[in-house]
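Not my notes, these are from TrEMBL:
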DOMAIN    33-484  domain 'Major facilitator superfamily (MFS) profile'
TRANSMEM  87-107  transmembrane segment
TRANSMEM  119-141  transmembrane segment
TRANSMEM  179-198  transmembrane segment
TRANSMEM  204-227  transmembrane segment
TRANSMEM  291-316  transmembrane segment
TRANSMEM  328-349  transmembrane segment
TRANSMEM  356-377  transmembrane segment
TRANSMEM  392-414  transmembrane segment
TRANSMEM  462-480  transmembrane segment
Amino acid sequence: MHGGGVVLPVSGGGGPGPGDGYSSEITFTVVMSCLMAASGGLIFGYDISITGGLTQMHSFLEAFFPDIIEKMNSAAQDEYCIFNSQLLTTFVSSLYLAGMLACLVAGHITKKIGRRNSMLIGASLFFVGAVLNCAAANIAMLVVGRVLLGFAVGFTNQSAPVYLAEIAPARWRGAFTSIFHFFLNIGIFVADLVNYRANTIPVWGWRLSLGVGIAPATVILLGAAFIPDSPNSLVLRGKVDAARSSLRRIRGRSADVEVELKDIMQAAEEDRRHEAGAFRRIVRREYRPHLVMAIAIPVFFELTGMIVVTLFTPLLFYTVGFTSQKAILGSIITDVVSLVSIAVAAVAVDRVGRRPLFMVGGGILLACLVAMAWIFGAELGADGGKAMPRPYAVAVVAVVCLFTAGFGVSWGPLKWIVPSEIYPLEVRSAGQGMSEAISLALTFVQTQSFLNMLCSFKYGTFAYNAGWVVLMTAFIFFFLPETKGVPIESLREVWARHWYWKRFVKPLPPAPELKLADGPVRE
């Protein structure tokens, strides 16, 4: 039976290999730059989770969705269908539709202006969107603010993970890239804490929930101006001297950066050999594995069932019988579990590798989704007319926590790590942009349809996701090679040695003498 492929060492072993001569020092500059770039995930997570609490917060519903309050107070209401409102889901999902559209152009813009400047654009849009949402006087203002936040997500989600992968030492790339998802979950945690307090404030509590997002947006907007752009991005734009200077800042003043710079320049030269744009290039045969992963990973990520436990956790807990305040408290508990599990993944990902974490996570997710389908079907009933007994409602919280842990050690961080590192430089912006556009498009579809799906399919919703988890875990086992410890510009060799993808990807020929605008790299 075929597995995922081989791992190339960073250095050492029986001769020279990819990454020999690279510095693996963790400098102050690389730590601060990674923290600032990952902070884009903080606001994304905040904007994801804040809506979960808002959509069952009395002050918010009273101001914008009074019809839902009537259903919440109705004794005859189907518990599965309380929050089934297309207008409410439009407010939630508009962010993801805008993010998808932004991703389609952000890849091209990021390649032209650099990763850091793309993050600055995203931070500016986060700030404006948060201000507009906080000051909203009607649903139109809410949706426009969410659309601006979506454009911000399109830029930061496309550029920040790639930036992290490019500046992190190869030996610790998985850990540094996972910081984005860790910060995303910190944002979710903070949002639930704010919602827990705001839910007790009548009339204007919802403004507090939406307004707090202004603070981190301001910090990121100011901080991103002081981090260096990635050397890969600078070389791609012909700025070799600036790239050398950036590498020295990132790797340390005493580090010899010429070997790494030469590999980056070779990757950039490969980009210059092609006249076609990156999006047209990625559909060619030699990029077949990258195209497949650009589509498969975000599709499978969205079909794990994570939409239930990130956007709609408070609504899910309210559905099984908890009060509004306790539903938010339950969501806070799952946030803590998520942060711990992501920290475990950050420690493990560069030690045990990406594929083992995918396998472990897949098993946990499958068991939890089957358990959820059984509990909801047996105790809430097919028509939602039964009240769930308290012991089973508590069991739902426990299963959601276990689901969150399984997701946090696998698909959660790996969805950001793997796509950010697997693409060659010449198609990296296109691949990451395509991956994020697909992910946000599917998030839009699911946020727009999940509450209606829960109302229509009842507990079968969880069985649906369980089937996908089986398929996606098998796909990872057979088709994703292990990438831990391999320098980002040397990953072509991994694909060239994979049992299946080697028919599409061939190893690069020996590097010629490279001469770019600022002169050749020294041997």
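Just so you know, glycine gets a Cβ as well, placed from its N, Cα and C.
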Do the transmembrane segment (462-480) and the transmembrane segment (356-377) come close, with at least three CB pairs under 8 A (pairs 6 or more apart in sequence)?
yes
Roughly where does the domain 'Major facilitator superfamily (MFS) profile' (33-484) sit in mean pLDDT, to the nearest integer?
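The average pLDDT of the model in the domain 'Major facilitator superfamily (MFS) profile' (33-484) works out to 84.
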Three or more CB pairs closer than 8 Å, sequence separation of 6 or more: does that hold for the transmembrane segment (204-227) against the transmembrane segment (179-198)?
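In contact, yes.
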